[in-house]
Structures are given as structure tokens and as C-alpha cells.
Amino acid sequence: MDPGVEKDSRQMEVVDLESGRPNDAATVERQDSLFREAVRAEHAGASDWDEQDSWGRTMRLAFQCVGILYGDIGTSPLYVYSSTFEHGIEHTDDVVGVLSLIIYSFLLFTVIKIVFIALHANDHGDGGTFALYTLISRHAKVSLIPNHQAEDELISGYSNIGKPSATLRKAHWLKQLLETSKSAKISLFLLTILAIAMVISDAVLTPPISVLSAVGGLREKAPHLTTDQIVWITVAILVVLFAVQRYGTDKVGYSFAPIILLWLFLIGAIGLYNLIKHDISVLRAFNPKYIINYFHRNKKEGWVSLGAILLCFTGSEALFANLGYFSIRSIQLSFSFVLLPSVLLTYIGQAAFLTKNPMHVANTFFAATPISLFWPTFIMAIAASIIGSQAMISCTFATVSHLQSLSCFPRVKIFHTSKRFPGQLYIPGVNFLLCAAACIITVSFKTTAIIGKAHEICVILVMIITTLLMTIVMLLVWKINSLWIAFFFVIFTSTEVVYLSSVLYKFPHGPYVPVAMSVVLMVVMIVWHYVHVKRYKYEVEHTTSTDKVKEMLESHDLKRVPGVALFYTELVQGIPPIFPHLIEKIPTIHAVLVFISIKHLPVPHVDIPERFIFRQVEVRDYKVYRCVARYGYRDSLEEAKDFVVILLESLQHYIRDVNLYTSDEPQYISCHSSRNHSFSREKPSGRHAVHAEDMLTPIESFSEITVISNCGSNRLPQFKTSKMNMEELVKIEQEQLIIEKEMEKSVVYILGETEVVARPHSSLLKKIVVNYIYSFLRKNFVQGQKILFIPHRQLLKVGISYEI
């Protein structure tokens, strides 16, 4: 609980085991999501956390984020002017006009929009398009997979206050629209995956343009080098860059911040030197009238050049997406006092140099570098371009991992390269494809001007989609004044659309490449998600009834074998249709059977004490349970052995609680058993009490315990003091002991090998999508048992075919 915050007067009483009366000494704090959100909102103005927002910690984070977040945006001066003046400088005043556009574009899109607005829309430290989508998903049921459960909203960190206030009509209207309109859900989903596809395409283009720009500086000292030689040197550096990804960045990551910090100070100092030496009058570019003069003088050519000018804020999307664990204040401080002056001084100094030396526009950065500083600057440029590329590569690995949690991407093997930093990932297949694509782009395009044109559309499309999603967040989550929302939407959408029109005009000359890559990625994501949703709905429609399960379990032909069986299914409720298929083929059941559903929630993390929810399946004597294991999109799955230990310890807690508590009325969902008992040996943060009758229904019930706040009801969770005797307590202990002994005998993992085909009378398009594209993806990507780390010797696969 936050220090200095008064305890909520609404508390849950605990009944004394011996007397059956409320125990005043055992009062438990109420910390439901509404209370936590109110506390957070009340203290947000002062500080988020006292420890995190201390100045010492803020300054350390400000230093560290320089190396992680600013590599890409800090290397943009290497190629912006050369891309803008591709055909040379016709009038020196054009340099001032372009500088004015760079200054105000950078201030508007990067500083105001990203650093001072969008960063506040982070999802518990995660930023980017995916985080915006998950933030929206927690306030409106926009998922296309019908697996939402009310108890998911009880997860700490879900931060969903519930229904918007009746007075906030716009927020309520938008929530209703998103939840009831299938086209709205699909549109939001498509926008999100389009932005994600563009970010991945950006990760293909950033290494070539950054490294090629840096390596191109060699021509200042070795003018005899040909374009092809520069290209192959770049390819060699790229191959090394992607080859070392498997080792992670934790061993060298500590050096990123000093290198980028030194790079920013160096280019800022060179910019100041050029400004003083060549033409201090370029400072008049801060007057926006030179933008008007530039367009009046160049007309169509000036409008077309906007696409290259937007490269000055490339890296802004990576800054937002790689927000990570840095505080907002630390980013704003380091950006305002380190990156912003350094980058602006660099652009201003280059403009001053070009007014006197317009013939050097093709290699502005290195031509403007003093001779005595050339080699240090060249080495630092190579290092900074590699670090900037590394940020985009790491962002891609994290994005693919997040996509899998949305069931939008085929299964791929993910390695964690650091025990200290669980967010550092390595995906071999994705790394190989990125490397191949980056090398092909470099060899094919050869120059930064053409690669820059391809890069432009990634930057501007992600910016536009961010604006659209931010507008939804403002309406639905922040619920701020409509005038501010309209102002934000109109200003940024109108300007970004102008930049987009300039980029689309040059579509045949480069932008088609990332668009083609994004289309391929979107087809993969849409097909995988479409079939997943159809398969899930098929299983929901064909779930095995309770009576059918009871009949199977009581059948005389059914044999019991020792051990524990973990039956993996995607259904969060009901018994999957593959279970009776298994019993029909092999009429055998283990002593303990647990149906497990791995479910990813739209939150970054789910604490282990909140991970599992259980329900016992009739008949009780057969020890058959259902379990939902909940993970955040940044959580990694445990090794099979560790998972089983945690799961069965949690199951033992559930068995104890379900027998200790009773109620004569219909039972509702509660996360009590998993929430209040730490089977990871960690102390839970607190007990959550909810108005069960308001949120949950008996049909959705998982646990048989109801935890109710005394402010909402007079009913309390009662121990079975009048019914329970010592024999029953011993029986509970024996049942827990049986679970432990059966686990020691053997653990078998049962996995469904589901073949999905289109129905015979389906359309030709659906048959192509399901029977060919999805089938190809499924056969050529990692199988489920490898993702779940299941030992091959303990695996049992059950084949079945679904017609969707």
C-alpha cells in the first residue's frame, strides 16, 4: 500500500475458527481495483512511488535511458539533409526553410506528442502501439477471442475501474461501440497489427540506413572507395550485428549509455562549432515564416521533400515502444536537457555549413566534421548506429513475443538471454529473417536516399495510428475534456496526413518495400488469429456437457492409472471435445486429472499468487479439476518441472480452502485460493475483496469460495465450524497428500494435435486460408510442446480434426 495513504474504512472480517464469530484482530485490508485506482489517481500529481521518483533514482534512470532509447533518433542527423536535398541545393534560403521544418517537426511530433503526451499512456511501463491496444482492451472488451472472465479484472495491475460513470457519456458511448460493434473491434485490431507490422519493417530498414550512413563517411578519407565496396562493408557489419544477438546485450549494455551520451555531446559540439564558424544567421530558422517561404518558392518540390524531412523524428516510435522500466520524468529530463539540444545543434550546425558549402550535401555530416575529429567521430558514428539498430531489433523480439500472447503469430522459440533482465529476448528465426532482409535491402538499394524513402512510410504510418489510438485512450481511459481531445486529434492528424501524402507520392521509388513486407506480416497475423478464433468458438460450441463427463467418469470400462495428467486446452470454461475422443480411444484416466488453459491477459505481468484459478469437476471422488493459468504478455512460461510444482501446490491450497469455507447460497467466482496463498514462497501484497454478486455469475464459477466486503453484504465466508470435525480436517490433509504422492509417481502431459480444415461448402478464399496458408504456418513453426517446455518422454498427443 502506498505510504501515507489512509486505509480504506471498508474492510473484510475474518471469522474465528473456534468461535465462529468475527475476529477483530484479524481484519484484512480491502484493496480492490477501484480502491487502488483511486489511490493512484489521488497521488499521481505528487509522485507515482516515493522511491521511484526520488531525484537520485530519476537521474540514474535518465542516464541509463540515453543508451537504450536515443540511439536511433540520435543518429538521424547522419542522413536527413542528404535525403532531403537528393538533387542538390538550388537556393541557400532553402537550407534555412528545411532547417525550420526540421525544428518544428521535431518539436511537434517527438517532443510534444511522444515525450510529453504519449508517454503518459504507457501500460505499467510498456509503451508503443501494443501497449495502447492492451490499455484499451482492459477498459472495453475488444478482444475477438471470447475468453474474457470477470475474475481477470481482479488481477492487481488490471486497473479497470469498471463501467464508466454515467455522467461521462462519451466514454460510455465509446465503450459500448467497441464492445458491441464487430466492425469496430476488427478495425481496431487491424490498425494495431498494421502499426506492429510497420515497426517490424522499420527494424529491417533502420540497421541498413544507419550503418550505411556511418560507413559512407569513409569516403572523406578514402574517396577511391566505390559504392559497392561501401555496401559490402555495411553488409559485413550487419551480419556481425545480427550474429551476436544470441548472446544478448546484458554483458555490453552497460556501455550503451556512455557511448550514446558521448556521441550526443560530440555531435552537439560539432554543430555549435559549425554554427559559429560558418553562418550564425541560420538561427532565423526559428521564425516559422521561413517554412512558408520555402513552400512558396519550391511549391510541389517542397511538398515532396516533407517525406525526407520526417526522418528527423525517426526513432520516436522506438522511444515510445522501448519505454520499458524507465520513469516518465527520467525520459523527459534526459530528452530535454541532453538529446534535444544536441540534435538541434547538429541540424543547425549542418545548415550553417551547407549555406557556405552546398556542394557537400550528399555527405553533409562527415564533410562538416573538423578534420582533427574525423576518426573519433567516425568510430562513434559506427557505434551509435549499431546501438540504434540494436534498439529496433530488441523491440522486434519483444513485439513478436507480445503478438504470440494475442494469438496473432505462429509459435516461435523464444530464448531469454539474461537472468537479470527477463525482458531481453532472442528469437533465432526472426533474427535470421531480419538479417537476411536487411542485407538484401542494403545490396539492392545501395544508397541512404532510396532506403530513406522506404523508411519514411514506416515512420509516418506508425505516427498516425498512434494518434488514433491515443485519441481512443483519451476518451475511454483518461476521460479528459472533449475540447482537448479534439484539439489533439485535429492538430496531429492534419499535419501527419500532409506528411503521408508526400510519402505516398514517392510510393514507387521505395515506400512499396516496407508496405509489401507489412502486407506479408499482416497476412500471417490475420490468418493465424482468424483460425485461432474460429477454432476456439468451435470448441466452445462443442464442449462436453457435465452429464456426459459424469457418465464417462462413472463408466465401468474406465480404468484408473497412478500419476497426474495435465490436459492442455485453450478453453477457459468447459471440457474440450477432444477429451471424450481420448476416452473413446484409450478408456483410461489418471488418478489426478487437471485440465489446464494457458491464458494471456492484456497486462504486462501477473504475479504468481494470482496466476491460477481452479474448479473441481464432478464427480468429486475422481479428482478431476479445471485450471486457468494466467500470464501477462511480458511473462515467460516456466519450465515444465517448475510449472508442475507451482501448479500442484496451488491445487493443494485450493483443496484446503474449498473444504474450509461454505455457503448455503449459490457460489461465485473468487481468486481467494490463488490470491491469498503464496506457493512461490513470496508474501502476497494483500487480500482482495469484491462485490461478487455485482460482478460474477454462478454459471462462470470457478472457485467455491465467496469473499464479500461487509459494506456490500452481511454474508461472510464462514468456516464449517458447525459441520466440520477432526475427521474431516484429516480428510482434507489426506486429499492434499494424495495429490503430492501421485505427482511423485508420474506426471503426464496430454496435448491435443488438432487439425483444422475448412468445411466442404466453404468459400474458395476460406479454403485457401485454412487448408493451405494456416496449415503451412502450423507445420513449419515450433510445435506446442516446445513452447511449453514439455519433456518428450512425458508427452501424450491426441489427434482430432475440426471442420470450421
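Cβ from N, Cα, C; glycine included.
Pulled from TrEMBL:
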type	residues	note
REGION	1-24	region 'Disordered'
DOMAIN	61-549	domain 'K+ potassium transporter integral membrane'
TRANSMEM	95-119	transmembrane segment
TRANSMEM	186-218	transmembrane segment
TRANSMEM	230-248	transmembrane segment
TRANSMEM	254-276	transmembrane segment
TRANSMEM	303-325	transmembrane segment
TRANSMEM	331-353	transmembrane segment
TRANSMEM	365-387	transmembrane segment
TRANSMEM	425-445	transmembrane segment
TRANSMEM	457-478	transmembrane segment
TRANSMEM	484-505	transmembrane segment
TRANSMEM	512-531	transmembrane segment
DOMAIN	562-804	domain 'K+ potassium transporter C-terminal'
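Long-range Cβ contacts of the transmembrane segment (425-445) within its own chain (Cβ-Cβ under 8 Å, at least 6 residues beyond either end) map to 203-205, 207-208, 212, 231, 234-235, 238-239, 242-243, 245-246, 248, 393-394, 396-398, 400-401, 412-417, 451, 454, 510, 513, 517, 781.
In the predicted structure, the domain 'K+ potassium transporter C-terminal' (562-804) carries a mean pLDDT of 73. Segment contact holds for the transmembrane segment (331-353) and the transmembrane segment (254-276), given three or more CB pairs below 8 angstroms at sequence separation of 6 or more. Of the recorded ranges 186-218, 457-478, 484-505, the transmembrane segment (365-387) has the largest number of C-beta contacts under 8 angstroms with 186-218. In terms of C-beta pairs under 8 Å, the stretch of 95-119, 186-218, 230-248, 303-325, 457-478 lying closest in packing to the transmembrane segment (512-531) is 186-218. For the transmembrane segment (303-325), the most Cβ-contacting stretch among 95-119, 230-248, 254-276 is 95-119 (pairs under 8 Å).
Sequence-distant neighbours of the transmembrane segment (95-119) (same chain, 6+ residues past either end, Cβ-Cβ under 8 Å): 73, 80-81, 84-85, 89, 127, 282, 284-288, 290-291, 293-295, 297-298, 302, 305-306, 309-310, 312-313, 316, 319-320, 323, 328, 331-332, 335-336, 340, 343-344, 347-348, 351, 354-355, 358, 463, 466-467, 470, 488, 492, 495-496. Long-range contacts of the transmembrane segment (457-478) within the same chain: residues 109, 113, 117-118, 121, 129, 132-133, 135-136, 139-140, 164, 170-171, 174-175, 178, 188, 191-192, 194-195, 198-199, 201-202, 205, 307, 310-311, 313-314, 316-317, 320, 484-485, 488-489, 492-493, 496-497, 499-500, 503-504, 507, 511, 514-515, each at least 6 residues beyond the stretch ends and with a Cβ under 8 Å from a Cβ of the stretch.
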